[in-house]
Amino acid sequence: MSATHQQCGFSGNSDLYGLGIRIGVYLQWFTSQIAFYFHLEGSNDLSDAYILFSIALEIALFVLTFQDGTYTIEIVVMFYMFFGGILSVKGYRKRFQEAMPTTWRLLLGNATIMAMSIYGSWFWIKGRSGDRFLATPCGNTVFLFGRIPARHFERASNFFAFLSLYCAVAIVFGLVLLYKGPLMNIFRYRATRRSSVDARNQTRRADLIEWINKEAQPSLALFLRYSCALSSTSALSAHLVDIRLDGLHISADGGTTKYVVPIQPAMKSYGEIWDRLKEMHVEADEAVRDGSIGAESDVTSVLGRLRVSRRHLRRAFKVFRSYEYGVSERRAKQQWIKMLLQMIHSCAPIYSILAIELTLKWNKVSGVYTVNSTGQLIPFVIGVAGFLKVFDDVKGKYKQRRLEKKREELNHGMGEHGATSADQIELVHVAPEYHNSYGMQSADGKWV
């Protein structure tokens, strides 16, 4: 180690941001993004688990604050790690808005981010300038879309302080807007959601229809275009007329055209309406997304999702086309915001990794580039195992879709040659290790 490195740097805390811990955290970010991107089972569990990890990271940061000999750069690295994970794992995901969205996940996640934002505001405004934290011997150098040298650290601190304050205020403002209606009508909505007896009552059902028309207009239009096979330029506005056990009666184009969106299978009671609406929203949203990338089936959908740039270009083109067909400026703006959030979600891991690694390098932090302690091995092994598992899940899902498509092609081909349903073959097993052969069995039990 050179004399300059010894004079300007310091020995880092390998138990908090050592190489093994950093690699494990980075792999968690990419694992969660892959799982959400390919809609793998258990994606929400990964997100929920990362909330708990973020809380642990927050506790470690608070403990580090009250320890002697803590450097300012160490706190900055923890900030990069926390918010990088939030943007990477808990980034933009389209959700169906429920009548009462107050869940422990939403509250706990927002409370965690708010606590870190408040702490960040204190740190950048007052904490860093006091005697609680030590400065790097040659000055604090940070990353903000590039290298910010020590002489400009004060300006960067002001910018980070603004971001922290903005994030805290935005969360409070967003929660107030999100819960304004449900909090004011909590008892009425609880009765509407949970009691099928009250839901059968015409007054209660009218309140339910009124709320859906007010809060779920985009979802109604999405149901209508998908269920009734309308073009993307049709039924830009929808109005719920009535709710039946077997379908939604929706009017469009100012009430001149009426449609029935079927609910299959039919509901047994109106108490099921919220779960059914969520299912319909997810199905319609995925179908519209797959259609936007030209996917003809789930097989090509998996392949199509890899073409990120092409998909974003198609969506951008749709936004421009929306002006031509008279879509409101507000709706087009919402589409641009969604695209921006998705791009931030995709770029967050790369930016955060660069910020962490370059900050450690520029400030000549030593002792954090080896995996030689149990505290580093545990998150490292967990990160590697999780990444390998989700990679295997993607591979298995892709193979399963290929088999389903192959079976449909085989059955369709036999049908064209006059084969009866009894002669239709069923693909029951694939053994690639045996010359990629297929094991097939006909309806009479004979192997083909």
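Using N, Cα and C of the backbone, Cβ positions are placed for all residues, glycine too.
Quick look at what TrEMBL lists:
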TRANSMEM  19-38  transmembrane segment
TRANSMEM  50-67  transmembrane segment
TRANSMEM  73-92  transmembrane segment
TRANSMEM  104-125  transmembrane segment
TRANSMEM  159-179  transmembrane segment
DOMAIN    207-280  domain 'DUF2470'
TRANSMEM  340-362  transmembrane segment
TRANSMEM  374-391  transmembrane segment
Positions whose Cβ lies under 8 angstroms from the transmembrane segment (374-391), at least six residues beyond its ends: 14-15, 18-21, 23-28, 30-31, 34-35, 40, 46
Taking residues 6+ outside the transmembrane segment (73-92), which of them lie with a CB under 8 Å of any CB in it? 12-13, 16-17, 22, 25, 28-30, 32-33, 46-47, 50-51, 53-54, 57-58, 60-61, 64-65, 109, 113, 116, 120, 123, 127-128, 133, 136, 140, 142-143, 160, 338, 341-342, 344-345, 348-349, 351-353, 355-356, 359-360, 363, 365
The transmembrane segment (19-38) vs the transmembrane segment (159-179): three or more C-beta pairs under 8 Å (separation of 6 or more)? no
Using a Cβ cut-off of under 8 Å, list the residues of the same chain at least 6 residues beyond the transmembrane segment (50-67) that approach it. 13, 16, 28, 32, 74-75, 78, 81-82, 85-86, 89-90, 105, 108-109, 112, 115-116, 119, 127, 132
Residues from the same chain, set at least six apart from the ends of the transmembrane segment (340-362), whose C-beta lies under 8 A from its own: 12, 17, 22, 26, 29-30, 33, 73, 76-77, 80-81, 83-85, 87-88, 91-92, 141-143, 147, 308, 312, 368
Restricting to the domain 'DUF2470' (207-280), report the mean pLDDT as a whole number. 72
